[in-house]
Amino acid sequence: MSMMTVWALRRNVRRKNHSMLVRYISGSASMKPKEQCIEKILVANRGEIACRIMRTAKRLGIQTVAVYSDADRDSLHVKSADEAVRIGPPSARLSYLSGVTIMEAAARTGAQAIHPGYGFLSESSDFAQLCEDSGLTFIGPPASAIRDMGDKSASKRIMGAAGVPLVPGYHGHEQDIDHMKSEAEKIGYPIIIKPTHGGGGKGMRIVQSGKDFADSFLGAQREAAASFGVNTILLEKYITRPRHIEVQIFGDKHGNVLHLYERDCSVQRRHQKIIEEAPAPNISEKFRANLGQAAVSAARAVGYYNAGTVEFIVDTESDQFYFMEMNTRLQVEHPVTEMIVGQDLVEWQIRVANGEPLPLSQSEVPMSGHAFEARIYAENVPKGFLPATGVLNHYRPVAVSPSVRVETGVEQGDTVSMHYDPMIAKLVVWGGNRGEALVKLKDCLSNFQVAGVPTNINFLQKLASHKEFAVGNVETHFIEHHKSDLFADESNPAATEVAYKAVKHSAALVAACISTIEHSTWNESNHGKVPSIWYSNPPFRVHHEAKQTIELEWNNECEGTGSNLISLGVRYQPDGSYLIEEGNDSPSLELRVTRAGKCDFRVEAAGLSMNVSLAAYLKDGYKHIHIWHGSEHHQFKQKVGIEFSEDEEGVQHRTSSETSSHPPGTIVAPMAGLVVKVLVENEAKVDQGQPILVLEAMKMEHVVKAPSSGSIQDLKVKAGQQVSDGSALFRIKG
């Protein structure tokens, strides 16, 4: 396919003349006849799901094509594909959501089928229809089913007509704000506002009273439009103690439909799942059978084939389940189902797309053991789980095995940008029963190493270790109801003292380990090598007892309350051990360190030996040091006091973030993002709690409110402007 042809296609597409593109693709010699099997798949997605689809395709001997934006040029999914095509700038609207551009990529590479993954175009009936009209195989359900189920209002009307129980609500076409507010009052507060299209919790708002309705409704519309291109909304009665249980269904083109049991996705933050499991705990076999049958009936009602998920909300007080929505795609959490049924669902998708019947009947679908999935995100947990951006300076996932999977789309050195979802990886584990699987989950979380961006790993460890989670007492408000256990409480002196004691122990381990590294580093530098990142202190006298002081600033990663300086005396003893002195009449700690790798150590203290790992990188004039041992992970930093070689510093992440102090009353950005809307003017009088501006990052909106009453001063931003985390937005003058 010549570049002249591509340009001609683009010209016609821009004139909204899609017919030429359809005719071109349909007539291409590379398009497969219907009786042939798929030989080349274009994956219209990015990140971990693109890598996961390609893995199965390659196992089946199918060639793969990746698409990428400028931000993803060097991403893992691009490297994993046989071919890759650039589709536009970083903005998802101009790249991964551009169906016509993706169709051009398919024509250019001779792909016979398109797998949409999840998100982006996966639930676009228009895109599925374009594939069908163009002679391409869309690896997913028919466009008609996506259309019926993609509109949540329409899907609820269909399910209601089919006798599936529904939560009371409004699913009509009238979207006038006054009409919607009137409907909300009829339903009765609290209510939940949901976009009629899309998923992932985007655009969802819980409204407790009428006074909050207008702001929530308009915010939901904006977020829905930004994420899905459609801003229509539905309203539902908000069930106060619900469980979120979904059923994996599968159909083929021969009329067969079955379910592969259920998943519990109740543990959520910001209306997004973070730990999923299969099967759901604490339900009866009768409940499971009824739920599965309801899901199959829902799929049959719309002539469904390929992979889909029917989501139900379960009232924990009555044990009644209600249809919530149907996701017409492969779900993020599909691996937990794969683990308990022993099947590759992407392979099923491809075979169904080829016209093959389902490989099993309902009675043949096995269920073995229990599986968990934990989603590892780049996010600031102390800041309300706000998404974070930055470089993965250190990335060491756990080792995979038949019972442990790591689904990821990143490598060490990659950047987590503001343009896409901040997920780093999915950790999936299997055990013979729920207890065994939970033990494995906690162990793997303890050994999953990420440094360079804040993550939710520590929070996931707390969730997995909670006594109520251990017995399966889960519901969607689990985090809110147990926040005193899950979040650090600075007002509890005993808990604070225990936490700080653990930090000081980690600091002692860091001091001993970096002293060990510095011995070898000094020897290397004496032979003409430039000091590495680890060298920051004078060398010890090797054959005599010597002492140095190491100062570490502790970044309080739990509470996000700043740094604490820890000063340690490190005494090198003739027998090769270290004596760590913390001062303040604290007892000394004797440590013996054996180097087990570049940054891995075996440390013995008081007859107890343990594995310790360190990672370090340069950022903002500091050496940042992370330590992992047992279930502990802490981070420290040291002011860099020597010059490093250009090569040494060149590979480290450097930012231009603001480090100077701000005038009193200055409000700074809680995250990097795009200013969507500025709601007031400079010098305007505002009340405490009044919304001032709206930020968007990773398609999620965050409203910045006035912390106190006063007048707005030094308003520095406008709509459409990008801001960095911690940059000044405005000032409140009382």
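Placement of Cβ uses the backbone N, Cα and C atoms for every residue, glycine included.
Worth saying up front: this structure is predicted, and the values here are computed from it rather than measured.
Feature annotations, reproduced from Swiss-Prot:
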type: BINDING; residues: K152, E236, H271; note: ATP binding site
type: BINDING; residues: E311, E325; note: Mn(2+) 1 binding site
type: DOMAIN; residues: 37-484; note: domain 'Biotin carboxylation'
type: DOMAIN; residues: 657-733; note: domain 'Biotinyl-binding'
type: MOD_RES; residues: S645; note: phosphoserine
type: MOD_RES; residues: K699; note: N6-biotinyllysine
type: TRANSIT; residues: 1-25; note: transit peptide
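The structure, with features from Swiss-Prot marked on it.
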residue : record                : contacts (Cβ under 8 Å, 6+ apart)
K152    : ATP binding site      : H171, K194, P195, T196, H197, L234, E325
E236    : ATP binding site      : V167, P168, G169, Y170, I187, I191, I192, K194
H271    : ATP binding site      : G201, M204
E311    : Mn(2+) 1 binding site : H244, I245, E246, F323, M324, E325, M326, N327
Structural state of E325 (Mn(2+) 1 binding site), classified by DSSP into three states: strand
For E236 (ATP binding site), the three-state class that DSSP assigns: strand
Taking residues K152, E236, H271, which bind ATP in the record, the widest Cα spacing (Å, whole number): 17
Stretch-averaged pLDDT - the domain 'Biotin carboxylation' (37-484): 95
For the ATP site built from K152, E236, H271, further residues of that chain with CB within 8 A of the site's CB center: I192, I193, K194, P195, M204, L234, M324, E325
Tally of residues which DSSP labels helix, strand or coil - the domain 'Biotinyl-binding' (657-733): 0 helix, 36 strand, 41 coil
